Amino acid sequence: MALVEQDSEDPWDLPELKDTGVPWSALDTKGKVLRVLVSVLKFIILLGLLYMFICSLDILSSAFQLVGGRAAGDIFQENSILSNPLAGLVIGVLVTLLVQSSSTSSSIVVSMVSSGILTVQVAVPIIMGTNIGTSVTNTLVAMTQAGDRSTFRRAFAGATVHDFFNWLSVLVLLPLEVASGYLYRVTELIIESFQIESGEAPDLLNVITDVLTEAIIQLDESVIGGIASGDSDARNKSMIKIWCQTILQNVTVPGVENCTFPTLCWVEGNYTVIVKNITVNSNHLFVNTNLPDLAVGLILLALSLLVLCSCLVCIVKLLNSMLKGQVASVIKKILNTDFPFPFGWVTGYIAIVVGAGMTFIVQSSSVFTSAITPLVGIGVISIERAYPLSLGSNIGTTTTAILAAMASPGDRLGNALQIALVHFLFNISGIILWYPIPFTRFPIRMAKSLGNITASYRWFAAVYIILCFFVLPLLVFSLSLAGWQVLVGVGVPLVVMLIVVVVINVLQKRKPGFLPAGLRSWDFLPLWAHSLDPWDKVVVAFTAKCCCCCKCCQGSNDDQGHEDQESVEQSTEMRKAAYDNPAMAVEKEVEDEIKIELDIIKVAKL
């Protein structure tokens, strides 16, 4: 209910990043040279950390594919389930969460459409679901900044503004697509109107990152597609790529008598050289492993998460040390200042173009949005500027899919390109809905409200992620399996109740006179039904209890012998005192009973 309106107090002013060091004017020549060298070194380290961050995301995607790739293929193979639009949407979300790569899940959909297993109409909701699933990465990245309340408020809002845009776009465009086939019909007209020839998708940032990632792990992308297509041979294959290639290579031999083909043999100084066929195998860390795909995936998952979180923490700390004083002022002014009147409205659209271009360069919306999330957290980029950057990121990742679809064979080009254009048109339509008119920028207000909530109750961030990306999709998927009757019977009352609650909440904030006296506040409900305070007390008590138990368990082994000895000594002294003074023994027994009762009351309260 609190996601609709903001609080009256606005805590979203960007903080001043003060420079606590010695001013530049107070430094001598040696100090200025040293500061410049340190700044250059920090910038180089920052580039290295960003490179490792991007590579860890790539390896994380490969790890999720190894862990859940076969399950993803099995889900996509259930064509009867996919015919339900809601089920297709949820499957797109879950599979993208499973493989942590919208490009992977989208490529599966494209291959299935081009092979005739799925129709374009059935694949449209799945593409919408992949758009939602890819936004969970930057939301998880924001969780690493939970240490500081203000930083976490901004970071979580900057990450979830992407989530709310995707969810709101689906809430409008999915019913529109089911009713009219809007995305399908428009993209079909585009495909029929233009004569598009096959091409090749460019490799941009992958040229740099593949040097490291392909040395660690290489996956056979055709295996998941084969599983989804029902290929029994693909199901028995490992997703770890093992390939060999025969090439001609110059080899030295002891003498001319070892030349099997004189025409391919010659002498260079003291060496005899012959041209031979040499078999070259794929070279990566797990090429000859005997471990199953699941074990390799879990190993890579743990290592990539460790590197990912470490790089992110170091990037945030390094940015905090670099973006101070005049540097921070200049960067914040460039990023957050609008063009002068009457061209201020152009600034947001330029930010959309910048976000699309940067995402096209890094070829991953998750990488770009995860990179700007820490900048929002430390106060360099405002939420209002991060929003158009995220929208541009959505467009940038679709252009890469379009270029990849253009590399398809001629007989499959039309369907593959149409699905890629569906993804592109979906994001363009969402931008038209939720950006041009300032009043319609609901994702910003909703993200700020959620940021305020998570700043006060930080545990709610984990609840939000679990509910929105796991519980809700699984619930809708389960109802879809039960049939349309069950889905409508359960889903429609819940949706109607949610709409009524939102409307009442808005009227309570803006026009309370329009409501009956009993509905002008939620006080008639139990406190736990309209406030997070009781739940916060439960979480705090549970956490304190767990911490207490952990501390007790940790120290019990060391102190057990000492405590037993003290108990024996106290018992002996009490018995001696009881023999000497019986009245004092009775008084001591009453005091012990009172203490036991007080302890029981404390435990009951917890």
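Every residue gets a Cβ built from N, Cα and C, even glycine.
Residues or ranges marked as transmembrane segment by TrEMBL: 33-60, 81-102, 122-143, 164-184, 294-319, 339-361, 416-437, 457-476, 482-507.
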### Message
So, taking each listed stretch (122-143, 164-184, 339-361) in turn and counting its Cβ pairs to the transmembrane segment (416-437) that are under 8 angstroms, which one gives the highest count?
### Response
164-184
### Query
By a Cβ-Cβ criterion of under 8 Å, what residues six or more beyond either terminus of the transmembrane segment (33-60) are in contact with it?
24, 27, 100, 137, 205, 208-209, 212-213, 216-217, 300-301, 303-305, 307-308, 311-312, 314-315, 318-319, 321-322, 362, 364, 366-367, 370-371
### Message
Let me spell it out: take the transmembrane segment (164-184), skip the flanking residues so only those 6+ beyond its ends count, and list any with a Cβ under 8 Å from a Cβ in it.
### Response
85-86, 89, 120-121, 124-125, 128, 131-132, 135, 387, 390-391, 394, 422, 425-427, 429-430, 433-434, 442-443, 446-447, 468
### Message
Counting only residues 6 or more past its boundaries, what in the same chain has a CB within less than 8 Å of a CB in the transmembrane segment (122-143)?
### Response
57, 79, 82-83, 85-86, 88-97, 100-102, 105-106, 109, 112-113, 152, 155-156, 158-160, 162-163, 166-167, 169-170, 173-174, 177, 183-184, 312, 365-366, 369-370, 373-374, 377, 394, 397, 419, 422-423, 426-427, 461-462, 465, 469
